[in-house]
Structures are given as structure tokens and as C-alpha cells.
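According to Swiss-Prot, the features are:
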type: TOPO_DOM; residues: 1-8; note: topological domain 'Extracellular'
type: TRANSMEM; residues: 9-29; note: transmembrane segment
type: TOPO_DOM; residues: 30-43; note: topological domain 'Cytoplasmic'
type: TRANSMEM; residues: 44-64; note: transmembrane segment
type: SITE; residues: His63; note: site 'Critical for the pH sensitivity'
type: TOPO_DOM; residues: 65-103; note: topological domain 'Extracellular'
type: TRANSMEM; residues: 104-124; note: transmembrane segment
type: TOPO_DOM; residues: 125-164; note: topological domain 'Cytoplasmic'
type: TRANSMEM; residues: 165-185; note: transmembrane segment
type: BINDING; residues: His175, Glu179, His202, Glu276; note: Zn(2+) binding site
type: TOPO_DOM; residues: 186-191; note: topological domain 'Extracellular'
type: TRANSMEM; residues: 192-212; note: transmembrane segment
type: TOPO_DOM; residues: 213-225; note: topological domain 'Cytoplasmic'
type: TRANSMEM; residues: 226-246; note: transmembrane segment
type: TOPO_DOM; residues: 247-258; note: topological domain 'Extracellular'
type: TRANSMEM; residues: 259-279; note: transmembrane segment
type: TOPO_DOM; residues: 280-288; note: topological domain 'Cytoplasmic'
type: TRANSMEM; residues: 289-309; note: transmembrane segment
Amino acid sequence: MEVLLGVKIGCLLALLVLTLGCGLTPIYVKWFQMDAATGHHHRVLSLLGCTSAGVFLGAGLMHMTAEALEGIESEIQKFVEQNSTGSKGNSSRDAASSYVEYPYGELVISLGFFFVFLLESLALQCCHGAAGGSTVQEEEWGGTHAFGFHKHPAVPSPSRGPLRALVLLLSLSFHSVFEGLAVGLQATVAATIQLCVAVLAHKGLVVFSVGLRLGKIGTGPRWATFCILSLALMSPVGLALGLTVAGGASGQTQGLAQAVLEGIAAGTFLYVTFLEILPRELACPEAPLAKYSCVAAGFAFMALIALWA
């Protein structure tokens, strides 16, 4: 038991140190700063940004969405089994079967997606309502013609950047807490180390991409450092929570609430990935095949990590 506790404390420190290192590197190392880059250096950073977009895509689909769907399905199955115990007749079994087959996980993820959509729409309405509708329309459609065949496709509005960055950090924070919680709840040393290594690889890639993203949208060093520090603390906090409840039985309501929160976080993450990160990285038509390869490589990294996560 003492060995297991020591391993988990070591994992906690490793998560904190690695996350801080990976997140702060693209913020404070001048080589990663897009504003000062020219020529070949600028192209390399652009392709690196596409790779980070693939990492976000893989994290959203292969990790956050997959884990949310699995968790919600498992909790719904437990709920149906507990409520159908002792029931008689085929009608009750058929009703329970149809109850389980409903796509609750997809519904929760979609609710997270539409929640951020609504939040952003309200923010834009408040910001641009006094200026009239023409300003917003020109901002959104001024850079494109006839289904995007103009040479300068539209990119996401800069006014949306801070809000979407905040949504990205919040969704990642939720997910990081649950990742740390999973490590803290492991019952053996081998399982703890295996899961921690997978989380370290996943977290390192994602947080590096977050640091790169914060630098590209012009976030100040102090605010970017605060964001990375907050994100770095989430997995250790989750692991510490797992240590406190490891050995105690978790209630059904607690498990369902965790699964629902993971689903909402996955939906918000997918919204930011598809409507902010990918469009911004692919807006420039330069070297489209190279950008595709980098996005695919980033996704492949996360898909490979999913074998052990």
C-alpha cells in the first residue's frame, strides 16, 4: 500500500512538471513565436500549428469523446440493470432494452456543443448589436465569395478568439481532472504506471499545443503562464481526489455526474476544434498537402496513445 501511494505521488509530480514544461516552452522560447518568424521559419511554425490542430482533433475524438461515450453508456446500463432487477415479463425487458439503446452519450456531447454555440452567439449579439448587422456580416463573409472559391477564405473572427480560448481551457481542465482521478483510483502499481505514462504522453502533446495556440492568438506572457499553470494543476488535483476516495465505493449518482461532465467537456472541445482551430490553421491555401499531412500526423499520435490510455 505504501509503495502504491509513493508511485501515485510520483505520478502527481510528474504530471505537474511535464505539463508546465510542455506548456511554457512555446510561450517563452522565441523560436516558437510566430510574429518574428519569416520565410522557412514561418512555414515550419505554420506546419507545427497544423500538427497541433491534429493533436486537438485526436484528443477530442479518440480520448474525450470516446471516454465520455463509454462512461455514459456504462452508467446508463448500471441504472437500467438496477431498476429492472426483479421485474417480470417481456414488456419490461423490452422497455429496458430500448432505454439503453437511446444515444444518451451523443445527446450529452451535442448539448455541450450547442451550449458553447449559444454562449458565443449571445456574446457576439451583445458585442455587435449596437453596430448593426452589416458589420458582423462583412466580418464573417468579406473574405470569401461563392462557396469559398476566392483565394482568401474567411477565418474565424478575432473577437471570438478569447472566448473560444477560455472554452478550450475549461473543457481541457474538466478532462484533466478526470484523467488524474482515473490514475488516483488505480488499485495496483502496474496499472497506475501504465495509465500515468499514457496520460503523460497525451497531456504533454495537448498542453504543448495549447501553449502554441495561446502564442498564436497574441495572448500576453503573464496571462498565458496563468492559463498553463491552471491547466497543469488540474490532473494533480484529480489524482489527489482519486487518492482520497480510492478504497471507498463511489455512488451511482457520482459516476453518472462525472460521465455527464465529461460528455459536456467533449462537446465544448469539439466545437472549438472544428470552428476555431482547424479553420484558422487551414485558412491560408499555401501547401495544402503538407498541412493535411501534419494534421493527420497529429491525429495519428493521439490515436496511437489511445491504445494504452
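Positions of Cβ are set from backbone N, Cα and C atoms, glycine also.
The average pLDDT computed over the topological domain 'Cytoplasmic' (30-43) stands at 71.
Within the same chain, the transmembrane segment (192-212) packs against the transmembrane segment (289-309): three or more Cβ pairs sit under 8 Å, each pair at least 6 residues apart.
The highest tally of CB pairs under 8 A with the transmembrane segment (104-124), across 9-29, 44-64, 226-246, 259-279, 289-309, is held by 259-279. Sorting each residue of the topological domain 'Extracellular' (186-191) by its DSSP state yields 3 helix, 0 strand, 3 coil. Each residue contributes its Cα atom, and for Glu179 (Zn(2+) binding site) and His63 (site 'Critical for the pH sensitivity') those atoms are 10 Å apart.
Annotated pair His63 (site 'Critical for the pH sensitivity') and Glu276 (Zn(2+) binding site), C-alpha to C-alpha distance, rounded: 19 Å. Looking at 44-64, 165-185, 226-246, the range that has the most CB pairs within less than 8 A of the transmembrane segment (289-309) turns out to be 44-64. The helix, strand and coil residue counts that DSSP assigns across the topological domain 'Extracellular' (1-8) are 7 helix, 0 strand, 1 coil. The number of other CB atoms found within 10 A of the CB of His63 (site 'Critical for the pH sensitivity'), across every protein chain shown, is 23. Take the binding-site residues Glu179, Glu276: by the count of other Cβ atoms within 10 Å of each Cβ, the lowest one is Glu276. Sequence-remote contacts of a segment are chain residues at least 6 beyond its ends whose Cβ falls under 8 Å from one of its Cβ atoms, and for the transmembrane segment (226-246) they are 5, 8, 11-13, 15-16, 19-20, 23-24, 27, 165, 169, 172-173, 176-187, 199, 203, 207, 210-211, 214, 219.
Neighbour counts were taken at the CB atom with a 10 A radius for the binding-site residues His175, His202; the maximum falls on His175.
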